Amino acid sequence: MPDATGPGPAGYAYPEPRYAEPRFTGEPRDRSWPPAQRVAPARVEPPPQPVDDDSEESVLASTGSMAIATLISRITGFFRILLMAAVLGGGLASAFNVANTLPNMISELVLGSVLSAIVVPVLVRAEREDDDGGTAFVRRLLTVSITILGLATLASVAGAPLLTRLMLGDGKVNESLSTAFAYFLLPQILFYGLAALFTAILNTRSVFKPGAWAPVTNNIVAIAVLVLYFVMPGEISLDPVQMGSPKLIVLGVGTTLGVVTQALVLVPALRRQQISLRPLWGIDARLKRFGGMGLAIVLYVLISQVGLVVTTNVASQADASSPAIYSFVWMLLQVPYGVLGVTLLTAIMPKLSRDAAADDTPAVVDGLTSATKLTMVALVPIIVFMTLAGPTIGEALFAYGNFGADDAHRLGLTLSWSAFTLIPYAFVLLHLRVFYAREQAWTPTFIIIGITAVKIVLSLLAPMLVPANQVVVALGTANGLGFVAGALVGGMLLKRSLGDLHLANVGRTVGIVIGSSLAGGVVMLVLDAVLQLHSLTTSFGGLGAVARVVVDAVLMLGVTFLVLRKFKVPEVVAVTVAVGRLVAKLRGRPAPESAGTEAAGQPAGAPTGRNPVPYAEARRVDTGRFDRPTYPGRGAIVSDSDAAAANPTGAQQASNTRPDPDAPRAPRRHVPDLMVDTGVLPLGAMPPMRASGPGDAPRRPVRGPRLIPGAAVAGGRYRLLAHHGGANGLQFWQAVDTKLDREVALTFVDADQQFTGPDRAEGPQAVLSRTLRLGRINSNGLARVLDVVRGSSGGIVVAEWTPGSSLREVAATSPSPLGSARAVRALAAAAESAHRAGTALSIDHPDRIRISSDGAAVLAFPASLADADQSTDVRGLGATLYALLTDEWPLEDKSAVDGPPVTVGGMKQALLDPKGLPTEPRKVRPEIPFEISAVAMRSIQGDSGIRTAATVQHVLDQASVVDQKTDLMHAATGAPAGGPAPEGPTERTPGDQAKRKRMIISLSVLGVAVLIVLGFVVQQLTGIFGANDSSPLPDQNIGLTTSPAPTSVAPSPTAPAPPSKVVIPALSASVFSPQGTPDDASGAKLAIDGNPSTTWSTDQYYQPFPALKNGIGLMVTLKQPTKLISVGVESPSPGTRVEIRSAPSADATLDQTQVIGSQVLGNGHTEIPVQSDQTTRYVLVWITALGKADGQNQSKIGDLTFTGAA
């Protein structure tokens, strides 16, 4: 049963509306922007409301709690599905699931869709506009909603037989049982609606935790109910179904109590927010304005429900288990989408909605491109794995209890043939989000028509094209093809609305992901066959299948990840960075700076300083509008506009100017995008309403996105990968250019928006302008400046990424003095070029410096500050050299507060003498040459003879004139000669990298060869020592002899002749059923009439043995007592397990019989050998496991023959 965890069918929270914001039409705006602010009329203060703690710490805590709640909800919901399958079995689970689907469908149709599309935006507006803070609106909304839901519940309960008849038709699912369940489950309609409404109200108050945790309580109650059902004695009566059956009541009432709990746990949170629940009649006039949109939403849901009804009908007509299998597969597909797809797209979805609502077509296209790449990278490997390992996954997860191995195998096949659905499903959700944000409420109706039409046609064709037991597999494929049609229709409508979607830009990434996944799949299949992992399933059943799935997943996903990492797919690099930092945080240690940089080298085709750069310095058109941030809160201000370059003052005005810090501030609300699956195709969050009025709230200052790995900045152009420190109001980040698919270095200027001074020469825009001049410098010691992105206050400097290691990491490895000199020599050359160009580098902090893979010190994060000049650069050169020699930073940290810092950029702050000078490097490391030590010291002093970068470069040239291989820096070649092994990450020369690559390839090939040899050896040993051959070891052919073993051996003259065989006729047969009414009692004689075409059959059971009874059989009386040799069984029911038992009399109990043989029947004749030294006249053919007949648990026996000794 899907969780209804959100305010509507999508479970989304809604972004805070922006009132009185005009739609951008592409026309130039008046340069006097912004217009004069309207003054809101005086309003009566509402009753005291609880103060929301919207601090950044509180927001982060809430977000983390919701992430944990979502994860736990997924885990408990998944366990609930597995438990339901094992306890109920296929047939009973189908009857239960069909009934349990009805309240979800009706609640969404009656209220859920309208709630998400219309009510919530109006609720937010009422809270801000009404004099009572929206109290009356909430009371009216609750009163009307409870009335509508209550009437719908009563009508549904009264019409329960008609509803189940509509869902099942004339199918093979027990309609009476499903109707009985419906009577108990349909009251959930009221509580599903209340839970959604309560969650929506709390979300508008920025209270998210209760709504996120409520579904967990529902799952816990449902799991407890299933456990209670399992341990209770007795069974549900099926013919006829009795409403008073204890197990029926426990399962139906208990499941409904779970939904009741989900709604009631939200009431205390409503009370804490002082939200009145007292009824108040009336309908708010603001709801009537959106009646047309509401009609479109209801029609959308209704069409989707028609498709579900048709699919359920077709599945139920195939066999009793198919509806449950179809439902379980869809829920199983939601696990990877919920954990991976939703998680990765959460950061993109809110901005995509806002850009679509603002008609910012380029930003929407960029967002779709990013979302497409993320979707493919996250889901394609999982899809390939599910497709290849589907049957094994089905057996590993569901082949337990009453579900049965055959149904589990069919479920796995269905999963294989429908796993591809995840990609078009994700695309459809993206398309819906864009259309609803653009207020094109009727456009998604065409998409759902396309999906449903294809789905219905293919579903109706399925029974005509495939056997009955494979219909559910075809239905899963039909569902996926329906979403493919919907994605194509949505893509065409988007292209007509937005123009070229530029999907060719993601072609390289998508190709790499598909190729990597297929490579991983091939490796998995080959090793699975070589190692004969299928024997795990054969030998150990479900647990063996679990082990096989784990091994296959590690093989395939591991190979896929390694290939993606090798090609440096940016999304994979970003995930690696985030996981590395999370692991470091959990271990209680600071995240390493190289978490995402050590392997994140320059992608193929990335430009160097010698190549033209595909960036234009003035490429944007001023629209007078700045992008709304992805998240509210502090962060960098970035924009796609260079208006601030020409008019910094105007740029400041565009952000409404920084407010007075002493003035009262409106509370900030953080509204995350809660994308939680509820089992219904989501509709997407509605856009902010644009109706303006005198009560509109003033616009708040624009805030930039929080700088965290994975966040998109500059209109989605760059995605952040890893943080590399910061200084003096600057923040340094490694990022990926999503358009050119390459890594870049981003320097955020005034990232915290702390600059408030009037001096324009000192301001962030001046820093950007000075830094832009560095783009004309081509030097190995300076990362080339590619672009400058200006925002309302600060901006971003975009530079080439420098692969290698940070200064701190290299200094920690104690590089050789000569290697250090060569490194700083390159940086000195860049500084000299900058000085000749009339600017400076601002070498003032170790976080700015990286050591490239060529061993050169590079200013990796350029930004020319106001106090930077030739002398400060010379001191910075000396400090960089000093840091490499001593692993200490000798300059003060200007950005430090509260006294001298202990560390600067992760490096230890050097101790200074009374003259303000650090300890001479030669005293720290005596092996340092005098010239190199002197250059470092005199450069730091600034007035001791070295005043230019050219002098530093010249002296270091002289000091490092001897070019020996052992003198190279440790960061490039490993540990210095005779030195200890490094502890941190290092860089290698191209020769070392080639050797290492060859070594890895050799070891990989050797490892695969060893695995193949081990598999062959295990196979041979299994053949030798296995139980299949009882011949003595010397007589077995183990492949070492050159002559074939003799095919026969002459019998010994003294050996006794084998006994002669004779068929013993049977006189009579009766049904043996000690635990209930005999099945087909009159047909027992047909099993001994000698005609295989006439059969005796058991009843059809919804649950396999021993759920309802421990077995059933035929007691056969032979013509005479005989010593049986074998029993032949002719049966069209493969999979039936039969025991042959000898009995002392025809009316003996089961305990009085003795097992003398057993075997699983095949299709047709099966000869069961018997081992018995005693003669017997009464033989019990005892069935302990039923076969499958048309999807039912049923077995048939056509003829029995008894062979004995003459």
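Each Cβ is built from the backbone N, Cα and C atoms, and glycine gets one as well.
Here TrEMBL flags 1-17 (among others) as compositional bias 'Low complexity'.
Taken from TrEMBL, the feature compositional bias 'Basic and acidic residues' applies to 18-32 (among others).
Here TrEMBL flags 617-628 (among others) as compositional bias 'Basic and acidic residues'.
According to TrEMBL, the feature compositional bias 'Low complexity' maps to 643-654 (among others).
Residues or ranges marked as compositional bias 'Low complexity' in TrEMBL: 971-980 (among others).
According to TrEMBL, the feature compositional bias 'Low complexity' maps to 1041-1052 (among others).
Residues annotated as region 'Disordered' in TrEMBL: 1-58 (among others).
The region 'Disordered' annotation in TrEMBL covers 590-671 (among others).
Feature annotation from TrEMBL assigns region 'Disordered' to 971-993 (among others).
Annotation comment: TrEMBL describes 1035-1057 (among others) as region 'Disordered'.
Here TrEMBL flags 78-99 (among others) as transmembrane segment. Counting residues 6+ beyond its ends, the transmembrane segment (78-99) has Cβ neighbours under 8 Å at 1, 164, 167-168, 173-174, 177-179, 181-182, 185-186, 219, 222-223, 226-227, 229-230, 236, 251, 312, 316, 320-325, 327-328, 331-332, 335, 397-398, 400-404, 407, 1101-1104, 1107, 1191-1193 in the same chain.
What TrEMBL records for 105-124 (among others) is transmembrane segment.
Under the heading transmembrane segment, TrEMBL lists 213-232 (among others). Using a Cβ-Cβ cut-off under 8 Å and counting only residues 6 or more beyond its ends in the same chain, the transmembrane segment (213-232) has close neighbours at 1, 3-5, 65, 69, 72-73, 76-77, 79-80, 83-84, 87, 195, 199, 246-247, 250-251, 254-255, 257-259, 261-263, 265-266, 676.
What TrEMBL lists as transmembrane segment is 248-270 (among others).
Marked as transmembrane segment by TrEMBL: 290-312 (among others).
For 324-348 (among others), the entry in TrEMBL reads transmembrane segment.
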Dominant neighbour of the transmembrane segment (446-466) in 248-270, 374-394, 472-494, 506-527, 539-564, by Cβ pairs under 8 Å: 472-494
The transmembrane segment (506-527) in contact with the transmembrane segment (248-270), cutoff 8 A, at least 3 CB pairs, sep 6+: no
Close approaches to the transmembrane segment (539-564) from elsewhere in its chain (Cβ under 8 angstroms; 6 or more beyond its ends): 377, 381, 384-385, 388-389, 392-393, 395-397, 399-400, 405, 408, 512-513, 515-517, 519-521, 523-524, 527-528, 533, 572
